[in-house]
């Protein structure tokens, strides 16, 4: 705590306990309670046995801790040879998500930078069309895209699914960066141009370092979206590259089959662990002064 | 490895066109079965397929809509799996009409399927004289499961024989502080209840006249009206937590004895047996009161056109229709074998009741078999709306019901 | 003049890949969609043109009308609710609180969770016989009522609550990132003037967060239009068709009801309505940007 206090000296000193501070914490804690209730239900359910779950007391603590559902969710435990837990798709999810996030965020940053500062001819039109495209439920686009990818030989491949994620991610990342760069003072850009810096130099040496908070936010959003994607991965990745959400769906989704709620809950939490870890540890980037400092520097 | 003569012949004729892949017995099997019992059932087919020299590649996607999305897109990409799990009837019709499926008529003839599967089912897998599907089991879906302890507590002795008795029993349950009907408030479940009531009111013939002939007279008959009245009356016997409820949660209520009855397909037995309950001891399985028969839905496999997969597809068709495989499959899935010539001794009391109806021929296909997927959707919407509108007008509803079939 | 042109070559090149995407993927697919909406395509694309029949059917379908009106109700409440809650959470976290990482993760975790299962949990929570209502009544608060989902009229508000739970954290993160970019000097000045913190956030900070706010509002709107998982998992469109939404309507017709023609017509209608609503706003901000550029 003391270290971060050194990094961000701001606001009123927090040491005094005032009515305002109490109100602030009361607000935060009650909000946290609202957000936590579903997670609480999920965790206690995942630790119960099916007879306990059938008793339908969703807030009750488990009689005794039973972690078997977590084991089944992660590694699978049924008799059939095809019965794998979500472990099976973990590596694939990583292999799909990392390049997709890096490439799409990079494109988004370049687009936002070019659109905000250089304003190339037709840029606004392109942006408008991109936004309009993002307003159509993407499921409608699947047929023609599948046809195209099959013709290009990109169907059922890791490269194919990465390209698909980049294509569908472009509107979001472009929007984020365009609106972020708009807030950066134009003078900064003009001064660099007068110094003779070109398109890429300004981008790499000035704009990119200044957009760290937005890079983090964009990467977080893309990571979450792509990590949780199910349908695109299912359709484009091919059987060898299926992401773990496909396994998750196979565990939790059924029409006429039995539902093991404890396993379902555990599998869902396990699948979300990587994005959750990112949220938690990205805290160091949510620090005041990075952007502001860069503006002055 | 044991090859049937037919398979060798098939493989030999194939060898002319695709010499390299003639002996390839690898099949990618695409199903939406991923839960416990379903997987074990699939495993019964898989192990026999492998025992006969096949190589099984599993491509399962849970949930009908997800599985359909993936499958349709694979067809679009020209990359279909060798085997696709389907529902008999209208569902695969579009694929067949588009020439995307391979018939297995030769396997059917060699195996004399016509002698061992009920005529009505044979009809629903035959398109333009060719057999395209291999049915593996049928589910009865007009069951009424009930909690024996709950019935006892409410002083109900025996299953209701008529809807009047049924509602009297429901009143008794209510009086005993038990939720009478464990209702799964999702439209597709409600549509199944509607159908089972409809069958009791219009009879086997009337049911077929509605769903196959779209007969206007039956559609506007007293039977439809009384169906709507009975379904409407059920609104008063469900608990307030019903809307949106999964059938599994409704089954749990019957298992716990907090609710009396549940209308559901025989797959619900899986939840009962998983909970360690014994049929006819802890829970009862009956058909809808006063029903003349049973509504069924059939599980089957179809064979998308795929170069080089013909031998594996034929092998799969044989395996699916193998009497032992059919028994093993149905024991795990809670369904009934399609073949009438199999050993039925291992099935529980509930399934025996269904098998008796199957043998007597008093079965009718559910809507997914007889009407188009679009009409299935419209019917589902209609029933869902009707049940969930407490002041719905019966005459208006009759008109809306008839519109589904236009 | 020649020098200027030479310089503007690189920016155009830099956005070329996106242009290609827009033209080939988005416009291409939209033209394809538009074309199919005039056909009677069922499971597969067909060339049998039927004019505006699919659109007529769509407009004659009470289910579609219900879906669109639900989208409007849900959209307004969800976007506004997320913005307000998200901003308040961000402002609170910006007040240099202890355990900021833990709080932030708690507010954001719903965003990372697959809705197939968390939706079921919300269904349970809002179920009057097992959720919050039953618990409160069990504790002796007999009149407590929380049963939105079971009512045809209120179920959509139940979906909004779960939506707010899922979406507010995202707004919080975006706002927090924006707040951390604001000059420290302004805080010093405000403190010297003795302005209370909440007023600083509302009157000084909020106006400066315009662009990120616009971005997050656009993102939420896109999310609203594609709302599918949320509804499937919580209500499956029910009771009856009370919580039907357009994306579900489209998905059902694409992959279950084998009605490609109707699904594409619905997608086009949806796009058109959004463009008609959004275009004036975008045009206004475009004009404003022009003016700003002119002043500079």
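For all residues, glycine too, the Cβ spot is worked out from N, Cα and C.
Feature annotation from TrEMBL assigns transmembrane segment to A:22-43 (among others).
Residues or ranges marked as domain 'ABC transmembrane type-1' by TrEMBL: A:90-282.
What TrEMBL lists as transmembrane segment is A:96-118 (among others).
Residues or ranges marked as transmembrane segment in TrEMBL: A:125-146 (among others).
Within its own chain, the transmembrane segment (A:158-181) has Cβ neighbours under 8 Å at 95-96, 99-100, 103-105, 107-109, 111-113, 115-117, 127, 130-131, 133-134, 138, 145, 149, 207, 211, 214, 217-218, 221-222, 225-226, 229, 232-233, 236-238, 241, counting only residues six or more beyond its boundaries. The annotation transmembrane segment is assigned in TrEMBL to A:158-181 (among others).
Annotated transmembrane segment per TrEMBL: A:202-223 (among others), in sequence order.
According to TrEMBL, the transmembrane segment annotation covers A:260-281 (among others).
Counting Cβ pairs under 8 Å that are 6 or more residues apart, the transmembrane segment (A:22-43) and the transmembrane segment (A:260-281) reach 3 or more and are in contact. If you look at the transmembrane segment (A:96-118), the same-chain residues 6 or more away from its ends with a CB under 8 A from one of its CBs are 124, 126-127, 158, 161-162, 165-166, 169-170, 172-174, 176-182, 184, 186, 189, 199, 202-203, 207-208, 211, 215, 218-219, 222-223, 226-227, 233, 237, 241, 243. Non-local neighbours of the transmembrane segment (A:202-223) in the same chain are 97, 100-101, 104-105, 108-110, 113, 117, 169, 172-173, 176-177, 180-181, 184, 188-189, 192-193, 275, 278-279, 282, 285-286, 290-291, 294-295; each lies 6+ residues outside the stretch with a CB under 8 Å from one of its CB atoms.
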